[in-house]
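Here the structure comes first, spelled out in structure tokens, and everything after it is commentary.
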């Protein structure tokens, strides 16, 4: 049979440019299975926006900060694909860069009194 969908799809980590996911495998249908992940959202990884893994966790990188993404995970075996497990997640905002410890004085404009 086709495999059962992954269960308990969840976020295990979030950054400004990545989402880390984990899930529990469903019944594999009596055959070896792997998992197909698809990410949809602005600037999702370039097509095909699908990644395959035989594990139960994956980090999706190259994403935009503070941006919503829809992730689907399907189990796949030799008989076909499961129904999808779905998750909506938002990357975090990147922290602002700290101000410099000191600032360089502005350069003197050309044509000052020394050029006369």
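Backbone N, Cα and C atoms are what each Cβ position is placed from, and that goes for glycine too.
Where the annotation comes from TrEMBL, it is an automatic prediction and has not been curated.
What you are looking at is a predicted structure, and each value in this text was computed from that prediction instead of being measured.
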Stretch carrying region 'Disordered' according to TrEMBL (options 69-92, 93-116): 93-116
Three-state composition of the domain 'Fibronectin type-III' (5-95), taking helix and strand from DSSP: 0 helix, 47 strand, 44 coil
